[in-house]
């Protein structure tokens with residue numbers, strides 16, 4: 001009560017914000033008369049003038065009033081449309097990192113031209129983001145004449161564009177496109193092989209249309225680029241035949257390797273390495289089978305992929321044993337957990353090892369379909385320097401916008417007072433009674449010539465209603481968000497006299513319903529219309545418009561309450577645009593999912609007390625309040641799910657940003673010589689530490705093991721034992737320095753042989769290729785970790801903390817493996833000339849091109865592992881039953897002994 005009193009005296013926060021912005025609106029209005037006197041050329045010259053002032057140090061805020069006045073005047077000349085004061089307010093809200101709630105029909109598309117123009121003056125690019133390709137193209141083409149009049153360029157970013165077309169779109173001052181496409185371009189840029197292949201500029205300003213749909217409804221579904229690698233099953237099978245002919249090198253009790261075997265096994269570290277004899281033997285076998293050119297080396301730059309396959313096959317044969325490390329069941333290789341002894345169906349070893357084991361066992365070799373890159377919209381849009389959005393319904397989600405994105409919501413007043421009549425909900429006992437009442441209401445509206453928009457929550461429900469209308473011989477149109485262009489036409493004409501349109505909640509969003517129909521579309525449908533034709537179309541429309549207004553305007557008929565109040569408000573907002581007449585009503589039944597799950601007991605108890613008969617409805621504010629409380633519960637639960645998803649994805653996001661930043665630095669750097677030097681010192685030191693522990697006595701040193709490891713992994717043949725025998729003053733530190741210096745000398749010799757420029761380019765290629773491969777494996781490991789992390793809760797551990805800790809360990813492991821693998825490859829590979837590096841790059845691109853990339857806006861349940869079963873209401877990916885359907889009276893499969901209908905069948 002005290003809060004209400006304070007609001008009455010001082011105004012709400014929203015009122016105070018608008019009051020502050022009104023001062024700037026007054027300034028813009030004061031400039032209008034002067035700007036009207038400017039010639040077209042003088043008005044166009046304003047853009048160059050503003051850019052000069054910004055370059056001289058002026059802020060966007062200081063030129064806002066003049067810039068907005070310029071756009072308003074240009075719009076009057078180009079479109080014959082003048083921005084209302086409320087649209088100027090909306091433009092200012094959008095420029096200040098906030099969300100503008102503007103009702104349907106208030107001209108959001110025209111409002112967006114103001115902040116888009118202002119922020120484009122910086123030259124850093126503006127992204128105007130819509131929910132589908134049709135709206136992106138429509139808004140870009142509609143606003144292009146205005147922006148081009150003012151000297152700005154406009155680009156369109158939609159799926160299917162070539163690389164150059166994408167670059168051109170992003171280099172434009174203002175780029176229109178869909179949220180999915182901007183997100184996928186970001187991921188593709190971070191998978192590019194060279195700076196020239198990147199298309200996006202640094203992310204500066206994003207202006208999101210239908211911001212609630214993109215930042216809230218789609219926040220749980222990440223963008224994923226996945227791909228099945230090329231089918232190498234033939235190669236795995238061929239290489240598999242080479243390994244049985246290789247001989248293991250014997251070991252003496254002293255653990256020193258003796259004899260002339262082809263490979264040696266370090267069982268402690270679970271590693272296997274070729275001996276020099278083994279390398280030669282494998283190369284000869286590959287040449288015999290035509291898999292390697294005569295005189296070519298397995299370790300040459302162009303054969304890295306072949307070497308990878310050979311190593312995988314060797315590991316499969318020597319380190320992995322059937323019925324110990326894996327079992328073969330129904331033609332599939334299934335991993336056995338080394339700690340628990342349980343099988344792990346669905347899990348696969350990485351780096352081609354699983355395929356190599358499949359080849360060894362003679363079962364079908366499956367392609368890996370791995371995640372190549374992924375990001376959630378929550379994390380993508382937080383990368384922008386400035387972010388703003390507009391929608392007709394944001395206030396109910398204001399807390400989430402502020403909490404997750406740091407965006408305040410400002411409700412912008414309508415240009416004309418809202419006169420729509422929102423009637424109380426009617427609640428029936430059964431769905432059948434509800435549908436009969438809906439049909440009766442539609443017939444009543446048609447009798448008086450009032451257009452009706454029927455909103456449904458699913459395509460299934462819209463098809464059911466359509467069948468009922470066919471039965472009742474009611475002419476109607478059905479929309480279900482499948483065909484955007486057709487959709488816009490139907491929605492545009494949904495305001496004609498007596499029109500009946502059935503639409504799912506999201507269908508047709510972004511297109512206004514004009515009372516009497518859209519006369520602009522009728523004119524556009526004609527080829528070269530004459531002035532008389534235009535006048536006749538407009539006169540006919542005016543007659544229809546007046547008739548529809550007299551009949552009560554557009555009637556919105558909701559067939560079910562959505563789980564979010566915001567979606568219901570969007571449906572209602574279709575009527576009453578720009579002060580038009582209109583009405584709305586929701587019809588509910590106790591069989592609706594929201595009522596059944598959340599509001600049933602209280603409301604059905606109320607209905608029984610009132611002694612209702614069939615066909616009777618209850619209409620009372622208490623019922624509406626109970627339903628609203630049910631919706632609040634669902635909204636709170638969905639917010640918690642999105643928040644939990646973000647907390648988990650933030651961990652991956654921090655790692656993603658580190659890897660992508662490192663990758664971009666690598667691509668942009670002229671040389672990574674210093675990086676290689678630092679890595680080399682770390683890697684060689686780490687290997688030495690394993691055999692000569694720091695500050696340990698000489699008796700604990702494993703010198704033969706170190707000699708062999710250095711030779712196998714770094715092609716470094718050093719007589720370390722000989723040095724120690726001959727030089728008494730050689731201690732741990734000096735020995736370490738000598739080994740590192742020996743590697744550096746060997747590497748310098750390689751550099752002198754091939755030339756510094758060639759080696760520098762090769763270093764970058766190896767580093768990028770290794771990083772990409774390990775990052776893909778890391779994403780798969782993170783997926784596996786996420787899927788089971790919720791089970792830690794049963795062990796009284798915090799799943800989020802456990803996930804953070806273990807994912808950090810995985811990331812540390814990635815960095816450590818990256819360093820080791822890069823130095824190992826650079827040590828082993830023989831680069832003869834520039835052509836070797838080019839061939840390696842060409843093969844890499846070839847392999848990448850063979851990957852069938854799949855761009856998914858995929859369901860995100862896996863991102864948070866177990867979801868505590870709170871997804872019954874979410875219409876995401878349907879579950880596919882695996883096995884026979886359980887009958888209602890059958891014993892419950894859970895083993896409780898009760899009938900299915902009395903146990904888990906209750907929940908279905």
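In case you wondered, yes, glycine gets a Cβ from its N, Cα and C as well.
In this view, residue 108 (ATP binding site) is surrounded by 23 other Cβ atoms within 10 Å of its Cβ, with every protein chain counted. For the recorded site, residue 108 (ATP binding site), the DSSP three-state label reads helix. Annotated ATP binding site per Swiss-Prot: 87, 105, 106, 107, 108, 109, 512, in sequence order.
Here Swiss-Prot flags 892, 894, 903, 904 as Zn(2+) binding site, drawing on sequence analysis.
Swiss-Prot lists 879-888 with the feature compositional bias 'Basic and acidic residues'.
Residues annotated as compositional bias 'Basic residues' in Swiss-Prot: 898-908.
The region 'Disordered' annotation in Swiss-Prot covers 865-908.
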Residue 109 (ATP binding site), number of other Cβ atoms within 10 Å: 17
Long-range Cβ environment of residue 512 (ATP binding site), under 8 Å and at least 6 residues apart: 104, 105, 491, 492, 518, 577
DSSP three-state assignment (helix, strand or coil) for residue 512 (ATP binding site): coil
Neighbouring C-beta atoms (10 Å sphere around the C-beta of residue 107 (ATP binding site)): 19
Chain-internal residues near residue 106 (ATP binding site), provided their CB is under 8 angstroms and they sit 6+ positions away: 86, 87, 90, 412, 414, 415, 577, 578
Cβ atoms near residue 105 (ATP binding site) (within 10 Å, other residues, all chains): 21
Site diameter for ATP, Å, by largest Cα distance between 87, 105, 106, 107, 108, 109, 512: 16
All-chain count of other Cβ atoms within 10 Å of residue 87 (ATP binding site): 27
